[in-house]
């Protein structure tokens, strides 16, 4: 590492190169491949979460004023659940999977081995700094890799705590933490990795992918997008609005990749929906939501300015039907509902990632599909309806990373489902077994003995060999018999 005039160490390209080589050497030793090493590291993460629950919740308060319930349930508990599942299933996940063989290779057997990729890079996000750092880390450990974690500098208290705790609880030779901002991330991206797992926005995702292309490094990109909520008229409006609220403002005050970004409903349902949202928001967060302890603040002044610019656009500022209050000194914006915003407004062109919720109206609910499909494919899409036909139309018409019917965000908690985007909302997926698979190579293996060697494979080639080889490749017994008998 280089040093500044003040004597501070600088993590530069040279330092990143040394770190990458150290991790490759550790992986080459075979240390991280053993079942025992993987299990010990996973158990240590659970222990770390248990012993430092208050420290982690405090760091999240410092970074985001995140409510304790959200910190413990949506970050710590989900990380521990990932560990618990991996500990329970790891032996099964690591076992080779038997595969069928054909007459072409007879006699033989085959299997698929889950092989760790090597040295991997995990670049985390600021909005769920522990979950989005540790969940991919759990996956990389379970798969048997060596790794470096780069936490987000926009959540400095969380980043600092991760850098302090992980070396104490985990194997610091195999699992590294690098703090810093753009220059440190760029130094890491200059290196050759066996996989890069990035969580964040599409702009940086493109930079990550371009850097990975230099070495043909595979990537998982967990990005975002404008996740729509389509609200039909034949529903329990109170339950629907409560579930929309908890998915929007109850998930880090809208600063979550799967938060509802906008609502589409019919013109005759809009007023009823707005009234219900107003009533439930006041019940949840009080008459002065800026003072609520159950809402996170905006992460920093840049994001605050971005959100206020969306609200202050001439096309949008007159469309606020609820909320809109703000406190710049405390980086707080109240839950805000906007009705009838133009589709060409800024708030409808970019992912909001905050406490603003536009509502668009259509003449008939099926018109919502065209609005959704006119933009990029979202990370999540939500539909509230009791209409079976509409559910099927929605699933067939709307492409999204994940879909939830009659709720929001819950698919994130189902470990048997892959979580990831499609198109510009990301590539690759994880959670549960999918996390293990994300950091492994599926190696095809065929076993043969020295018996059953067929001269038909070897030169000199003849028409009879051609006929028989063609039949063997098809794998059809009748075709092979015909070839042996010279009938074809």
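Cβ atoms here come from the backbone N, Cα and C positions, even for glycine.
Residues annotated as active site in TrEMBL: 222 (among others). Other C-beta atoms found within 10 angstroms of the C-beta of residue 222 (active site) number 27, with every protein chain shown included.
When other Cβ atoms within 10 Å of the Cβ of residue 257 (active site) are tallied across all protein chains shown, the result is 31. Annotation comment: TrEMBL describes 257 (among others) as active site.
Look at TrEMBL and you will find 27-445 tagged as domain 'Aldehyde dehydrogenase'.
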Whole-number Å distance separating the Cα atoms of residue 222 (active site) and residue 257 (active site) is 9
